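Worksheet: the structure to be examined is printed underneath.
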C-alpha cells in the first residue's frame with residue numbers, strides 16, 4: 001500500500017516520466033494496481049484547473065482508479081460541531097434526536113471512512129493487488145485510509161506498541177498537520193479555515209473496530225480518549241507542529257517529552273490495555289451497515305452521561321480476566 | 001396435515017437477504033408444525049426450521065427467470081427468501097403456509113404436540129417453578145394493610161383477572177364488586193407491587209366508566225382504601241398512561257379518567273404512551289428500514305426516527321421511572337391504568353417493578369414478573385401475538401416493547417441483571433413460538449378451561465434448566481448497581497436509547513460482533529471456578545502428601561491436564577470473517593478462487609440437527625466460543641432448541657450484507 005498526494009497534470013495534461021516510472025516499478029509485468037482517490041471524480045477533475053488532477057488511464061495503464069469521496073476540511077468540522085451540539089442540547093426531544101444526529105452526518109463520515117479503508121484492504125488481501133491512496137494533499141483523508149487499512153489487515157498494528165508505531169508512522173511522520181487541524185475543537189465560535197477533526201474521525205473508526213472485534217485490539221477506549229485529548233492539548237511534544245520539518249526546526253525532540261514514553265511506563269500502560277485482548281492473526285473485516293456503526297458515547301457523551309455503571313462493568317471484566 | 005398441499009419441494013433456493021448471488025440449493029419440507037429447508041449435498045446438511053406459529057406474513061413475489069420467489073417474514077424478525085422453480089408448486093406452498101400459519105383451534109398449536117419426554121411429575125414440577133403466592137409473600141403481603149381477595153374465585157367478578165388478587169384491608173367485597181362495575185372490562189384496582197420498606201404500592205386497573213359526570217361511590221372508596229393502606233402518605237397518584245387526547249375522547253364513549261374533584265386525595269397524571277395501533281405501525285416501519293438493501297446512514301437514521309419506535313420505548317421507560325420514583329423516593333402509592341389495563345398498564349407496572357426491586361433483575365425474579373404482571377393479569381397473548389387466526393387490528397408488539405425496555409436498561413446498567421441478552425431474545429422467541437403453554441390464550445380463565453398445564457410444558461422450566469446459558473458474567477449481587485432502585489438518567493438521555501440490532505437483525509450474523517464477550521467471560525468465570533476448586537483439592541492433597549512425605553509427581557501431572565479443558569482461546573480460525581461487499585468495482589478484476597469464498601459463507605441459515613434422529617433435546621441452544629459446533633446436542637425434531645444465531649460456527653465466516 002502506498003500513499004501520496006495528487007499528481008499535477010494540470011489543465012494541459014502534462015506527463016511526468018519519473019512519476020510513471022515510479023508507479024510502474026511497483027507492479028510486475030501484467031499486474032494491476034488500484035488507485036483509491038479520496039476525492040469525488042468531479043472534484044478530482046476540477047482539481048486539474050488549479051494545477052492538480054488525476055492519473056490518466058493512458059499514462060498509467062496498469063492502474064485502475066477508484067473514487068471514494070471522503071469529507072475533509074470545513075464541512076467535516078461543521079459535522080463535528082453539529083454533532084456535539086445535538087448531544088448537549090437539553091431541550092432536544094426524542095422524536096427529533098435521530099434526525100439531528102443524522103443531519104450532523106458524522107456517522108455517515110465514519111461509515112464512509114471505514115468502507116474506504118475496507119476497500120483498500122480488500123484490494124490487497126482479496127485481490128492481491130497493490131494500492132495507492134491519495135486525496136489532494138495527501139495529509140488528511142489519505143492517512144485516514146492507510147492507517148485504518150493497516151489496522152484491518154495487520155495484527156501487529158493492533159497491539160499497543162504496534163498501534164503507537166502506526167500513529168507515529170501514518171499520522172505524525174506522514175505529516176498530518178496537527179497544529180492547524182486540532183486547535184479549537186467543537187465549542188469554539190472561531191471557525192478556522194484549516195481546522196478539521198480528521199484524527200478524531202480516525203479514532204472514532206478505531207473505536208468502531210474495537211466494538212465489533214472486542215478481543216482483537218490490545219488497547220481500549222481509554223487510550224483513544226487520551227490520544228484525542230493530547231492531539232488538541234498536551235503536556236507532551238508528540239503531536240506538536242505540522243510535520244517533521246517543523247518539529248526539527250522547533251527542536252521538539254530536544255525540548256519536550258514523548259507521549260509514547262509516558263505510555264510505556266508499566267503503571268500507565270496497564271490502564272490502557274484491553275483485558276479481553278488475545279492475538280488474532282487474521283484480517284478483521286468490519287460491518288459497515290448502519291446498524292453496526294454506533295455513536296461513540298464514550299467520547300461525545302463523555303461529560304454528559306455518567307459513566308459510573310459502565311466503568312464498574314469494565315472493572316468487573318478486568319477482575320474476571322485477571323482472576324483467571 | 002390436511003392443510004399441506006405439497007409436503008416436499010425440491011430444488012428450492014434459499015437466498016441471502018441482500019446478495020442474491022449467495023443462494024443455497026436444497027429441499028423444502030412442510031410438516032404439521034414446521035417449515036424446514038434442508039441444504040443439499042454438503043456434509044453438514046444445514047437445516048433451517050421455522051415454526052408455523054412464527055410466521056407473520058408470506059409474500060409471493062413476481063415470477064422471474066430463476067423461479068417464483070416466496071418471502072416469509074417471521075414474528076421473531078427472521079426473514080426467509082425462497083425461490084421455488086415451478087410457479088404451481090410455489091402457489092401450493094403459499095396456500096398451505098397461509099393456512100398453517102393461521103390456526104383456528106388451539107389444538108393445532110405446537111405446544112400440544114411438543115414432547116420433551118418428561119414424565120407427568122416433571123411437567124407438573126415445571127409449572128410449579130413460578131409460584132405467585134410465594135411471590136406476594138416475598139413482597140410482604142398479606143399483612144396489616146393488604147389481604148388476599150377471593151371474590152373472583154370463579155371469575156365471576158372479572159373474567160380477565162386471576163382468581164386471587166390482593167386488595168387493601170379496608171376494601172370489602174362490596175366495594176370491590178361495586179368498583180369493578182365502574183371499570184372497563186370490570187378490571188378493578190388490584191395490587192401489582194408492594195414496597196415493604198415504606199408501604200407504598202403500585203396498583204393497576206382499567207379506566208373508570210366515568211364519562212363526563214358519572215360517579216361511583218365504591219370506586220371512590222376503593223381508591224381511598226389504597227391510600228389508607230399506605231399510612232406514610234396522604235394522597236395517591238393516579239397515572240393514566242394514555243395521551244390526554246385519547247383519554248378525553250374515551251369520555252364520549254362513557255369511559256374516561258378519574259376526576260380529581262370526585263376522588264379525594266388523588267393527584268392525577270397523564271403520561272402519554274400511544275395505543276396498540278400506533279405501536280403496530282411503528283414496528284412495521286422500523287422493520288421496513290431493516291429490510292432496506294444497503295441503506296445509507298441517512299436512510300437508516302431517518303427511517304428509524306420516522307418509525308418513532310425509540311420514542312415509544314422511551315415513553316414507556318419514562319412512565320416506569322415516574323412510578324418508581326413516586327414509590328421509592330416519595331413513598332406515595334400509585335394507581336396505574338390505561339384503557340383496558342392490560343397493555344400499557346402491564347408494560348409500565350413491570351418496568352417500574354424492575355427499577356424498584358432487584359429481585360426482578362434475577363433470572364427467577366424476571367420470570368415471576370412476567371408471570372405476575374402479564375400472564376396472571378390477563379394480557380391478551382392470543383390476540384396480541386396471534387396464536388390463532390384473529391383480528392389483525394389486535395396484533396401489537398406490546399410485550400416486545402417491554403422486553404426491549406429491559407434490554408435498554410441492561411445496556412445502561414451492565415452489572416445489574418443476573419441474566420443476559422440471550423435470555424430476553426429467547427423469551428421473545430417463545431412468546432410467539434407457541435411451543436410452550438405459558439403464553440397461550442387471553443386470560444387465566446381460558447388457560448384453565450383448556451387445561452394448559454396438563455397438556456403442555458412450561459417455558460420457565462426449560463429456561464431454568466439451561467440457565468447457565470443465560471447468565472450475565474458481570475452480575476454480582478454486591479455491586480452498587482445491583483442493589484436497590486435503578487436510577488436511569490432522565491435528561492438529557494435521548495442518546496441512551498439504542499437500536500437493538502441483536503433483536504431486530506437477530507439472524508443477520510454479519511452485523512454482530514463475531515466474538516461474544518458475554519460467552520467468553522462466562523467461560524472465564526467457569527474456568528476460574530473450576531481452577532479454584534481444583535486448587536482446593538490439590539491443596540488438601542499436598543497437605544496430605546506432606547504429612548506422609550511422598551513425592552509430588554502426581555500433583556504435577558494433574559496441573560498439566562486442565563489447560564486443555566475449556567479451550568478458551570479465541571484466537572483461532574473460528575474468528576475469520578469475510579468482508580462485506582464494500583464495492584462493486586472489484587468484480588471485473590480477477591479475484592482469488594471462488595471456492596474459498598463459498599466455504600466461508602455461513603448462516604442466515606439456522607442450524608438444527610438432522611431430521612432422522614428422534615430424541616428431542618430440551619436444551620436450548622448452547623453457544624460456544626471455541627468455534628466447534630456440537631451438533632449432537634441439538635434437538636432433531638425441532639424440539640426445545642433454538643436456532644444458533646450467535647454461534648461462532650466452525651465454518652466461521654460471517655455472512656456480510658452487501659455493502
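Note that Cβ sites are derived from N, Cα and C of the backbone, with glycine treated the same way.
Annotated in TrEMBL:
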| type | residues | note |
| --- | --- | --- |
| DOMAIN | B:126-504 | domain 'Myotubularin phosphatase' |
| BINDING | B:275, B:276, B:338, B:339, B:340, B:341, B:342, B:343, B:344 | substrate binding site |
| DOMAIN | B:307-351 | domain 'Tyrosine specific protein phosphatases' |
| ACT_SITE | B:338 | active site, phosphocysteine intermediate |
| REGION | B:549-659 | region 'Disordered' |
| COMPBIAS | B:566-596 | compositional bias 'Polar residues' |
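This view paints the features noted in TrEMBL onto the structure.
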{"residue": "B:275", "record": "substrate binding site", "DSSP class": "coil"}
{"residue": "B:338", "record": "substrate binding site", "DSSP class": "coil"}
{"residue": "B:344", "record": "substrate binding site", "DSSP class": "helix"}
Whole-number mean of pLDDT values that fall within the domain 'Tyrosine specific protein phosphatases' (B:307-351): 96
Chain-mates of B:275, B:276, B:338, B:339, B:340, B:341, B:342, B:343, B:344 with C-beta within 8 Å of site centroid, substrate: B:206, B:241, B:242, B:345
Binding residues B:275, B:276, B:338, B:339, B:340, B:341, B:342, B:343, B:344 (substrate) - maximum C-alpha distance in whole Å: 12
